[in-house]
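The block underneath contains the structure these notes are about, expressed in structure tokens.
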Amino acid sequence: MDSNIKSVGVLTSGGDAPGMNAAIRAVTRAGIFNNMKVYGIYRGYRGLISDEIMEFKTNSVSNIIQQGGTMLKTARSADFMTEEGRRIAYENMQKHGIEALVVIGGDGSLTGAAIFANEYNIPVVGLPGTIDNDLNGTDTTIGYDTALNTIMQSMDKIRDTATSHERLFFIEVMGRNCGYLALNSAIASGAEAAIIPEISIEKDQLAELIEQGFRKSKNSSMVLVTESEVTGGAMKLAERVKKEYPQYDVRVSILGHLQRGGSPTAQDRILASRMGVAAIQALMEYQRNVMIGIRENEIVYVPFKRAIKKDREISREMLEVLRISSI
Ligand code: ATP
């Protein structure tokens, strides 16, 4: 049974991620394919409040699948965190006749989506758009694979200089409370270790690494570090090494925003396209308050509540792979 949704708005919110454009394209085309009007909402929730809304045709999203970033722009909106802000957002939706929303963003964006959907009883479907891979109920998020590849390519370059100078390098990557980016890029780039929030909360990873003599068989080392209060970040770790283990010649490289940019990988484009089409399908199937996820290569619907729960566990198997393969 199909729902009667005649018009849908699509927005990107929070941090940008490669593949968001592919998702916008898929949502737009799938909406139009199913006889809906599709509205592009610029600058996330901020644009929903300031009425930066435009009807999209199929060619509004031409030639974007290969581009990083988001053609809809993205923003953070403090106003959307207030009832008054969300009331204006709802009024703008009504003004344009927008009946449903597809929100592409990270956990903050989906938290806002859940609140808004409940407050005004609007059908909202979320797509996990974040390089951090920190959402529950999905194996991966849009942008994660591209970021991993970007980090891996940077690591290959850092390895050249680390090896030449026989240095210990701390390379800081994004991830906030989630160590997936650091752990998987450590495996992919042949790094010695990953200092990540999920493990740092349990023990002093730096001390353990040094005690285990992680440079025994090597003249240089690369250690990935998640940018997070729990790990302290790469700079703090390097300061500690200088003080506590002065025998090491230590350097820091913070990859920063270059991790977010670039043309999305094939995997991210395909994932975003599948998820975009699935979002429209979900709305037509009367799904409400769900994020589209992917598990074992199948599309799944994940209730917002579960998706944004901050308890995603790190893979012990991958930790083991890194530990074993870096001896
Ligand atoms: P990333 O993980 O890449 O940082 P994100 O979606 O988590 O992306 P946030 O800055 O946390 O990014 O959230 C984006 C926007 O979502 C916020 O600026 C705000 O407008 C909205 N938002 C977040 N939390 C809430 C909330 N509790 N209530 C209403 N809106 C919220």
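Using N, Cα and C of the backbone, Cβ positions are placed for all residues, glycine too.
Annotated features, as they stand in TrEMBL:
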- Asp132: active site, proton acceptor (ACT_SITE)
- Gly15, Arg76, Ser77, Gly106, Asp107, Gly108, Ser109: ATP binding site (BINDING)
- Arg25, Ala26, Val27, Thr28, Arg29, Arg159, Gly190, Ala191, Glu192, Lys216, Lys218, Asn219, Ser220: ADP binding site (BINDING)
- Asp107: Mg(2+) binding site (BINDING)
- Thr130, Ile131, Asp132, Arg167, Met174, Gly175, Arg176, Glu227, Arg251, His257, Leu258, Gln259, Arg260: substrate binding site (BINDING)
- 8-283: domain 'Phosphofructokinase' (DOMAIN)
Candidates Val27, Met174, Arg176, Gly190, Arg251 (binding-site residues) with Cα within 10 Å of Ser109 (ATP binding site):
none
Indicate whether Arg251 (substrate binding site) is helix, strand or coil by DSSP.
strand
Most distant Cα pair in Å, residues Thr130, Ile131, Asp132, Arg167, Met174, Gly175, Arg176, Glu227, Arg251, His257, Leu258, Gln259, Arg260 binding substrate:
32
At a 10 Å cut-off from the C-beta of Gly15 (ATP binding site), count the other C-beta atoms across all protein chains.
21
Mean per-residue pLDDT computed across the domain 'Phosphofructokinase' (8-283):
95
Rank aside, I only need the closest one: which of the binding-site residues Val27, Met174, Ser220 has its C-alpha nearest to that of Gly108 (ATP binding site)?
Met174
Assuming the binding residues for ATP are exactly those in the record, Gly15, Arg76, Ser77, Gly106, Asp107, Gly108, Ser109, what is the maximum CA-CA distance in angstrom, rounded?
14
Does DSSP put Gly190 (ADP binding site) in a helix, in a strand, or in coil?
coil
Arg25 (ADP binding site) to Arg251 (substrate binding site): how many Å between their Cα atoms?
42
Does DSSP put Ser220 (ADP binding site) in a helix, in a strand, or in coil?
coil
